[in-house]
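Colleague: Encoded as structure tokens, here's the structure I'll be asking about.
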Amino acid sequence: MIEVTLLGTGSPIPDPNRAGPSTLVRAGGQVFLVDCGRGVLQRAAAVGVGAAGLSTLLLTHLHSDHVGDLGDVLITRWVSTFTPDPVPLPIIGPPGTAELVAATLNALRHDIGYRIAHHADLNAPPAVDVREHTDGPVWDRDGVSIRVAPTDHRPVAPTIGFRVDYQGASVVLAGDTVPCAGLDELAAGAGALVHTVIRKDIVATIPQQRLQDICDYHSSVEQAAATAARAGVGTLVMTHYVPALVAGQEEQWRALAAREFAGRVELGDDLHRVQVDAPS
């Protein structure tokens, strides 16, 4: 069984009810944080997960709304890990990830220096193990395997999706993308597909061109559902709603997805959980 928790279902626009894009995946006793938008650690704390308990951080792409709390994750893990010789935090993302992590740590160098000067048991900066990938296997530990494939969020490039497999259960996390062959291949036969969705029918009516531009490189509800149908997944989990999902409108979103996908559709607020089982 794999458990998926939508930690943050919001967008770049601050929302009092939704944290920034982030998803927690638990499998085989391991805890994977996929993206780290604003407020991610508060949401993780609500389900009993702290930064020190993360097995790895997986980044789909380097847009600010998906990495906005990277510094908080790095520093909080560092100061809340009390074992000697802590294991470096594995961080897996597309090319550019190493530069982002290094720049983030550099920006926090004063804070890091203050803490090292103050605490005798903090004698080195936060330890990280950054690996950049665009395709293929990236993780294989205690029965949990993860592989990535390229997605299409151009002009943001490269971008990747993740597939987590454990004891016959499988979950794919698409990140931000339009329909593409890489995601179709990655999601083929998966138990669940976690996919960003936008309501293009609503966004297209906004007068500001900058906001209309987001239609160019995100999937609509119908497009995400069509991807799920092509791939033959069991469940479509919608997240990163643009505009924000309003209470009472859930059935509108479900109806749009149902035009293309006959399977189970999950959507909801932050902390919504979905259990993905192996086929019986």
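Using the three backbone atoms N, Cα and C, a Cβ is placed for every residue, glycine included.
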Colleague: According to Swiss-Prot, D65, H66, D176 bind Zn(2+) 2; so which of H240, H272 is the extra one listed there?
Modeller: H240
Colleague: Need a hand: Swiss-Prot gives H61, H63, D176 for Zn(2+) 1, which of H133, H153 is also on that list?
Modeller: H153
Colleague: Would you count the other C-beta atoms found within 10 angstroms of the C-beta of H153 (Zn(2+) 1 binding site) for me?
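Modeller: A 10 Å sphere around the Cβ of H153 (Zn(2+) 1 binding site) contains 24 other Cβ atoms.
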Colleague: Could you work out which of the recorded positions (D65, D176) has its C-beta surrounded by the smallest number of other C-beta atoms within 10 A?
Modeller: D65
Colleague: In the same chain, outside D65, H66, D176, H240, whose C-beta lies within 8 angstroms of the Cβ mean position for the Zn(2+) 2 site?
Modeller: S11, P12, G20, P21, D35, G37, T60, H61, H63, G175, T196
Colleague: Given D176 (Zn(2+) 1 binding site) and H240 (Zn(2+) 2 binding site), what distance in Å do their CA atoms have, once rounded to a whole number?
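Modeller: Cα-Cα distance, D176 (Zn(2+) 1 binding site) to H240 (Zn(2+) 2 binding site): 9 Å.
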